[in-house]
Amino acid sequence: TWKTVPLLLFTEYFIDLIVCCGFLLNQHYNPAFVSLQMMKHAWDNYKRYAWGLNELKPISKQGHSSNLFGNIQGATIVDALDTLYIMEMKEEFKEAKEWVEKNLDFNVNAEISVFEVNIRFVGGLLSAYYLSGEEVFRKKAVELGEKLLPAFNTPTGIPWALLNIKSGIGRNWPWASGGSSILAEFGTLHLEFVHLSHLSGNPVFAEKVMNIRKVLSRLDKPEGLYPNYLNPSSGQWGQHHVSIGGLGDSFYEYLLKAWLMSDKTDEDGKKMYYDAVQAIETHLIRKSSGGLTYIAEWKGGLLEHKMGHLTCFAGGMFALGADGAPSDKTGHHIELGAEIAKTCHESYDRTRMKLGPEAFRFDGGVEAIATRQNEKYYILRPEVIETYMYMWRLTHDPKYREWGWEAVEALEKHCRVDGGYSGIRDVYNNHESHDDVQQSFFLSETLKYLYLLFSEDDLLPFEHWVFNTEAHPLPVLHKDDGNKEENQK
């Protein structure tokens with residue numbers, strides 16, 4: 001009967017079979033190929049059940065919408081463009097490009113998250129343009145960037161979190177400290193907006209984000225730290241809460257990457273980054289009694305000994321920044337990255353499913369374990385794998401690939417379903433309870449970082465590319481580039 005099965009279907013069936021059965025531990029098998037097949041499974045099911053919608057519900061086998069994008073559609077398509085290109089999934093990239101040409105529409109009466117639309121849509125379009133040279137991506141990126149500009153119409157120029165892209169009316173999240181803007185949101189526009197100015201010839205984009213720098217430089221920082229909340233009207237800090245995880249995380253990442261992306265000419269970004277790291281080391285980084293290094297959260301001078309999955313990106317950040325640290329600190333920054341990577345690996349290893357919880361604690365006799373039910377979920381997040389990728393590239397210690405492979409096995413065993421990949425509600429449970437969402441960042445970040453972890457270092461080398469916080473690669477802008485647009489393809 002096998003003769004009646006088309007060869008392609010048989011090949012796909014066999015790949016699924018060996019992945020699920022764990023036969024890929026064979027040392028001769030290429031793990032990068034496995035991550036490509038994971039991407040194919042995620043993409044094919046999105047295409048089959050949710051094409052043109054923002055995300056996929058892989059259990060229900062239908063589309064999933066998030067209010068983060070308002071009425072803008074196609075988040076998974078735009079987020080996945082560069083992953084498809086990098087993995088040489090040429091037919092899939094072609095159909096994604098055609099969808100963008102014909103269907104990606106920003107003329108909608110909808111309130112969107114400026115931060116999320118910037119990192120996923122603007123970042124995804126910029127990256128797709130720089131990789132492929134296809135003009136449609138540049139034009140769409142600049143068009144969307146222009147629609148985001150009214151968000152900066154505040155007394156200080158610190159942008160609103162939410163913007164109606166038709167009316168230009170903005171506001172902040174109602175829960176955010178007295179109408180404040182959020183550090184990780186207004187601080188995570190810099191890379192994309194500098195590139196929008198580079199590609200459009202319009203300096204306004206870069207001017208908007210450089211003004212954010214000026215506002216921050218004038219403010220006193222408590223203990224050298226940046227609180228998570230800043231009022232866009234008064235220009236004053238809100239609550240003195242500091243986090244390197246949610247609400248703060250990518251602000252610090254973008255200080256370092258702005259310097260790297262400028263071909264190391266952005267001295268203000270460099271100084272702000274290394275000064276911030278020094279304050280973080282002094283006030284937030286602690287070591288547990290069991291010897292695990294973690295980054296606590298700071299609330300008005302008191303530490304909460306909790307670390308979020310989002311915070312795990314910092315291992316890779318510290319290592320990436322090691323080369324630019326004072327010469328006597330280079331090894332220390334690499335070691336700090338390694339210690340954070342180890343802690344985050346422990347947060348995975350101490351669960352039943354070998355996937356990390358949303359947050360884990362270091363108090364009450366527990367270490368690197370979630371103690372609250374609302375912190376035990378895993379939504380296909382990339383930050384731990386991201387740090388493994390950076391640590392592998394910068395040290396070539398084989399344990400980072402081994403840990404990445406552990407994550408592949410856990411994702412295949414617990415998150416892969418017939419209709420794609422789903423998050424898990426409790427990683428400490430014996431049985432999966434799926435959340436029925438295949439996040440767009442799973443295709444943009446998690447699978448891309450896995451693929452890069454298992455690929456050669458000359459695929460998107462760090463000296464030529466920086467990754468935005470959604471893992472979209474953007475080229476370093478060399479001093480002699482002028483208006484050259486197709487830099488470092």
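The chain as shown is numbered from 1 upward.
Each residue, glycine too, has its Cβ placed from N, Cα and C.
In TrEMBL, the cysteine linked to Cys312 by a disulfide bond, out of Cys344, Cys415, is Cys344.
Cα-Cα distance from Glu383 (active site) to Cys312 (disulfide bond): 5 Å (rounded to the nearest whole number). Residues near Glu358 (active site, proton donor) in space but far in sequence (CB under 8 A, at least 6 apart, same chain), listed by position: Gly308, His309, Ala370, Asn374, Glu375, Lys376, Tyr377, Tyr378, Ile379, Arg381. Taking the C-alpha atom of Glu116 (active site, proton donor) as reference, the shortest distance to any of the recorded positions Asp249, Cys312, Cys344, Thr469 belongs to Thr469. Put simply, Asp249 (active site) is 15 Å from Cys344 (disulfide bond) when counted between their Cα atoms. If you take the C-beta of Thr469 (Ca(2+) binding site) and look for same-chain residues 6 or more apart in sequence within under 8 angstroms, you find Ile119, Gly123, Thr188, Asp249, Ser250, Glu253, Tyr254.
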